[in-house]
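Since the structure comes first, as structure tokens, the remarks are kept for the end.
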Amino acid sequence: MTARQDGVTVVDHPLVQHKLTQMRRRETPTPEFRRLARELSLLLAYEVTRDIPLDYMDIETPIAPMRAPVVAGRKLCLVSILRAGNGILDGMLDLIPHARVGHVGLYRDPKTLRPVEYYFKVPDALDERLTIVCDPMLATGHTAAAAVQKLKERGADNVKFLCLLAAPEGAKVLREAHPDVPIFTAAIDEKLNEKGYIVPGLGDAGDRIYGTA
Ligand SMILES: O=P(O)(O)OC[C@H]1O[C@H](OP(=O)(O)OP(=O)(O)O)[C@H](O)[C@@H]1O
Ligand SMILES: O=c1cc[nH]c(=O)[nH]1
Ligand SMILES: [Mg+2]
């Protein structure tokens, strides 16, 4: 099942919810957390790629020739917001290996909660591609909004944002800054705490994926 409202799609399939619960648990160790992030992104990919472009090619089945649909991977750009975004990117690339890939390096300053940019490398001709921006966490929303802004400045005009968890505050900030960018998430949690962490959330996604806490 999938709930859509105001440009936000919550993928509430039972498998998605189950895996998200396992990720949230404090005792879930790093290798397990990373594996769950990958599996969850495979399931979310199903929804976020629902209308990706198709090409047609001539093939032969054992019975007859036919013109058959194939994903136009080169018309798709996956963008990971470093570093936690790579935890989603890996699963997406398993599914769509021909996709082009961009990286946006942004970390959130723990005092100001504002994003600081340190890297930006994306494919050319973004105006000809669907761009799917990946980051597990949409907290205050400023990182996502800044990443989308940079991508638009490079020509991206068809952008979707994929995360595992969103705070209501972050979804609002991103939707207000970029109303044309739909959000796909496994859950919208209750709120942010005073340190800008999602409550109940799952903690610091990057630290849990890479074991840096
Ligand atoms: O919505 P916001 O309030 O901007 O916060 C969300 C950002 O914070 C986390 O990254 P972090 O800064 O921890 O960097 P990391 O991926 O290197 O751990 C997360 O992966 C998002 O990029
Ligand atoms: O809860 C949060 C908020 C920002 N970044 C995270 O990794 N987790
Ligand atoms: Mg982090």
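Backbone N, Cα and C define each Cβ position, glycine as well.
Automated prediction, rather than curation, is the source of TrEMBL annotations.
Among the features that TrEMBL reports, domain 'Phosphoribosyltransferase' is placed at 10-212. What TrEMBL records for ARG83, ARG108, ASP135, PRO136, MET137, LEU138, ALA139, THR140, GLY141, HIS142, THR143, ASP204 is 5-phospho-alpha-D-ribose 1-diphosphate binding site. Among the features that TrEMBL reports, uracil binding site is placed at ILE198, GLY203, ASP204, ALA205.
TrEMBL feature annotations superimposed on the structure.
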residue : record                                              : DSSP (3 states)
ARG83   : 5-phospho-alpha-D-ribose 1-diphosphate binding site : coil
ASP135  : 5-phospho-alpha-D-ribose 1-diphosphate binding site : coil
GLY141  : 5-phospho-alpha-D-ribose 1-diphosphate binding site : coil
ILE198  : uracil binding site                                 : strand
GLY203  : uracil binding site                                 : coil
Distance [Cα-Cα, Å, rounded] between GLY203 (uracil binding site) and GLY141 (5-phospho-alpha-D-ribose 1-diphosphate binding site): 16
Neighbour tally for ILE198 (uracil binding site), based on other Cβ positions within 10 Å of its Cβ: 25
MET137 (5-phospho-alpha-D-ribose 1-diphosphate binding site), number of other Cβ atoms within 10 Å: 26
Candidate binding-site residues ILE198, ASP204, ALA205, pick with smallest Cα gap to ALA139 (5-phospho-alpha-D-ribose 1-diphosphate binding site): ILE198
Cα within 10 Å of ALA205 (uracil binding site) - qualifying binding-site residues among ASP135, MET137, GLY141, THR143: ASP135, MET137
Cβ-Cβ neighbours of ALA205 (uracil binding site) (radius 10 Å): 25
Shell list (uracil; ref centroid = CB of ILE198, GLY203, ASP204, ALA205; cutoff 8 A): PRO136, MET137, LEU165, TYR197, GLY201, LEU202, GLY206, ASP207, ARG208
Neighbourhood of ligand 1 - binding-site residues from MET137, ILE198, GLY203 with Cβ under 6 Å: MET137
